[in-house]
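**Student:** Below you will find the structure I want to go over with you.
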Ligand SMILES: Nc1ncnc2c1ncn2[C@@H]1O[C@H](COP(=O)(O)OP(=O)(O)OP(=O)(O)O)[C@@H](O)[C@H]1O
Ligand SMILES: CC(C)(CO)[C@@H](O)C(=O)NCCC(=O)O
Ligand SMILES: [K+]
């Protein structure tokens, strides 16, 4: 079975793919100090808890934090006796290579979202991902990542407000009853909620105008459903898009190597 790992700057998600469906999905905070042994204790305990046998023999990793890749490679080698595919490394092929500035670095999560979204929807897409950053990935007609937008993430913005202003507390993101808040928390929640609804709407409108063609907008990341309550922002929301993209890239590499033989 295939272990798909999506390491973001905040959270790391492990999902086990049996070739047809995800058997289980586990989430932990991203910490670059965590060792292979620590990953395995956490993983095997929860797999047992969920009653899923550990039969991992393949692994694919997308990591926006380069330092964690070393320990994940050790995990693959020591516990699953395999060599992982690492998105963004030269030996991990992409179905459609990105078309960006020469030597530009594209976040592996954005390449994975592109592959996953193109597989499901075909081309001319915008993928909006609400993670540590709020990213917009523009996918061309032929399925290549051709650029996008990086805005500060929702939780990051809230944290920044709280850290910078002595009188502003930590608040959760939620859709406020009204736009005009009548207390500090309600005012902050309105600023974040309606601010991000406007940000997403405004950026998508401008991307569509710049591309001068119809495009499908796909929302992903934990907060996509919440923000779609504020306006029609997405044609579709797919929470498993990154994990799906990992299975697509894995399959592409496997088929390519089989054809080479
Ligand atoms: N109402 C909410 N308020 C605050 N956070 C929320 C709310 N609903 C979901 N979340 C959080 O959204 C996050 C969704 O995870 P997602 O994988 O999309 O991004 P992330 O883990 O924050 O970022 P990254 O992938 O960059 O590490 C989770 O951490 C979840 O706790
Ligand atoms: C923007 C983030 C942090 C979003 O996870 C990640 O994709 C990243 O580190 N990207 C590198 C820069 C880029 O994608 O252009
Ligand atoms: K993510």
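Please read every residue number as a count from 1 along the shown chain.
Yeah, the Cβs are placed from backbone N, Cα and C, and that goes for glycine too.
What TrEMBL shows for this protein is this:
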BINDING   6, 7, 8, 9, 10, 11, 12, 13, 132  ATP binding site
BINDING   107, 108, 109, 110, 184  substrate binding site
ACT_SITE  109  active site, proton acceptor
BINDING   129  K(+) binding site
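Describe the structural surroundings of these features, if you would.
**Tutor:** Note on residue 132 (ATP binding site): other Cβ atoms within 10 Å of its Cβ, all shown chains, come to 20.
The number of other Cβ atoms within 10 Å of the Cβ belonging to residue 184 (substrate binding site), over all protein chains shown, comes to 13.
In the three-state DSSP scheme, residue 109 (substrate binding site) is classed as helix. Counting every protein chain shown, the number of other Cβ atoms lying within 10 Å of the Cβ of residue 109 (substrate binding site) is 28.
DSSP classifies residue 129 (K(+) binding site) as strand under the three-state reduction.
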**Student:** Give the sequence-ordered list of residues that share a chain with residue 110 (substrate binding site), lie 6 or more positions from it, and have CB atoms under 8 Å from its CB.
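**Tutor:** Sequence-distant Cβ neighbours: 127, 129, 135, 137, 145, 148.
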**Student:** Please report the distance from the Cα of residue 109 (substrate binding site) to the Cα of residue 6 (ATP binding site), rounded to the nearest angstrom.
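**Tutor:** About 8 Å separates the two Cα atoms.
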**Student:** Give me the non-local Cβ neighbours of residue 10 (ATP binding site): same chain, 6+ apart in sequence, Cβ-Cβ under 8 Å, ordered along the sequence.
**Tutor:** 29, 30, 131, 132, 155
**Student:** If the substrate binders are 107, 108, 109, 110, 184 per the record, what's the largest distance between their Cα atoms, in Å?
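**Tutor:** Taking every pair of listed residues, the largest Cα separation comes to 38 Å.
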**Student:** Using Cα coordinates, what distance in whole Å links residue 108 (substrate binding site) and residue 12 (ATP binding site)?
**Tutor:** 14
**Student:** What are the other residues, in sequence order, whose C-beta lies within 8 angstroms of the center of the C-beta atoms of 6, 7, 8, 9, 10, 11, 12, 13, 132 at the ATP site?
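**Tutor:** Sorted by sequence, the hits are 30, 64, 65, 131.
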